[in-house]
Amino acid sequence: MTATAQRQLPLDTPSASTLAQQAELHPELNRAHVRFINLGKTYHGKQGPVEALGNIDLAVQRGEIFGIIGRSGAGKSSLIRTINRLEQPSSGRVLIDQVDIGEFDEDKLVELRRRIGMIFQHFNLMSAKTVWQNVELPLKVAGVPREQRARKVAQLLELVGLQDKHNAYPAQLSGGQKQRVGIARALVHDPAILLCDEATSALDPETTQSILGLLREINQRLGLTIVLITHEMAVIRDICHRVVVLEQGRIVEQGPVWQVFGDPQHDVSKTLLAPLQTGLPKEWAERLSDQPQRPDAALLLDVHFTGASDQGPDLAALFAALGGKVQLLQGGVERIQERAIGHLILSVAGSVHTRDELLARARQLAPRAEVLGYVG
């Protein structure tokens with residue numbers, strides 16, 4: 001970004017009257033817990049300025065679990081850290097409960113950060129202190145009386161399932177238990193927002209599921225707004241309500257998780273979600289050709305169910321419409337946010353229908369269908 005463009009960005013930031021007009025036209029903005037408006041962040045180094053974020057316009061609703069994904073260097077950490085002002089934006093605004101936190105002085109920033117909890121990939125526990133002491137420490141620093149501290153720590157250790165580990169030291173805990181301590185510590189000041197920065201990336205799959213279950217419970221019981229960044233797409237699928245995709249500091253796609261996962265539009269989204277997709281089995285891919293080599297060659301179809309319909313896919317109707325011998329080579333259907341999302345690779349042999357007819361019939365019953373080629 002040029003120096004001229006940097007100077008112009010603040011001029012594009014909406015005024016208070018413009019924000020009011022936008023909120024009137026879009027009532028959901030009035031409910032936004034966190035809102036980013038034309039947000040930009042530029043770092044200045046020896047090699048010159050590097051734009052980490054640009055023109056970010058985004059609203060996170062109260063009480064939702066909101067995911068941020070993107071490739072390395074996309075700006076995920078920079079974005080999440082502007083919520084508690086650990087990162088100072090170069091331009092634009094961050095509103096929390098409709099209040100511009102960029103105008104806060106140091107005292108208000110301290111108060112803000114107490115209302116925003118944060119957990120990290122590395123648990124940041126003090127090795128010489130017990131579980132109880134690690135959770136209690138922020139309360140002690142804040143000058144909370146001993147009795148209140150004791151009550152709060154006991155409540156939080158029960159919430160995260162560590163009441164029997166209060167005298168243990170971090171070295172005696174598993175990775176999942178350490179993260180539970182981190183979560184308890186992040187909740188000591190009764191925050192309204194919880195930020196999760198790769199909170200499960202150091203954990204095994206089973207422990208990850210237990211931590212996600214705890215975060216889901218906290219979200220439901222306490223009404224917390226949770227904003228998380230992760231490179232694990234399964235985490236977004238399993239816990240988030242909505243997701244935004246970043247690329248080179250820009251938003252390239254956003255929406256409900258079922259929508260983005262079921263029918264990704266941007267190439268970056270498709271690349272990130274590729275590990276969750278099932279591909280053509282190798283033994284079939286090696287035999288694939290554009291034209292049938294024999295009269296009994298099988299046509300391979302790639303069929304997607306995007307969740308756009310409230311009703312699940314009717315596989316029986318699909319197989320009947322295709323006719324002939326239909327074989328499922330790879331894939332399946334799962335439910336994300338009560339929507340049926342599926343990806344099937346089908347082999348169709350012996351059908352009376354032509355290639356174009358088979359494709360048309362598949363598209364009548366599935367939102368997306370493509371011909372991969374022939375085998376045989």
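Just so it is clear, glycine is given a Cβ too, placed from its N, Cα and C backbone atoms.
Summarising the annotation, Swiss-Prot assigns ATP binding site to Gly70, Arg71, Ser72, Gly73, Ala74, Gly75, Lys76, Ser77 and lists sequence analysis as the type of evidence. Annotation comment: Swiss-Prot describes 34-273 as domain 'ABC transporter', evidence class sequence analysis.
Sitting within 8 Å of the Cβ centre of Gly70, Arg71, Ser72, Gly73, Ala74, Gly75, Lys76, Ser77, and not among those site residues for ATP, are the Cβ atoms of Leu246. In the three-state DSSP assignment, the secondary structure recorded for Gly70 (ATP binding site) is strand. With respect to Cβ neighbours within 10 Å, the binding-site residues Gly73, Gly75 differ, and Gly73 shows the lowest count.
Around the Cβ of Arg71 (ATP binding site), the number of neighbouring Cβ atoms within 10 Å comes to 15. Under a cutoff of 8 A between CB atoms, and with a sequence separation of 6+ in the same chain, the neighbours of Ala74 (ATP binding site) are Leu246, Glu247, Gln248, Gly249. For the binding-site residues shown (Ser72, Ser77), fewest C-beta neighbours within 10 angstroms: Ser72. Its Cβ placed at the centre, Lys76 (ATP binding site) has 26 other Cβ atoms within 10 Å. In sequence order, Lys76, Val245, Leu246, Glu247, Val268, Leu272 constitute the residues six or more apart from Gly70 (ATP binding site) in its chain with CB-CB distances below 8 Å. Mapped onto three states, the DSSP output places Gly75 (ATP binding site) in coil.
In the predicted model, the domain 'ABC transporter' (34-273) shows an average pLDDT of 95.
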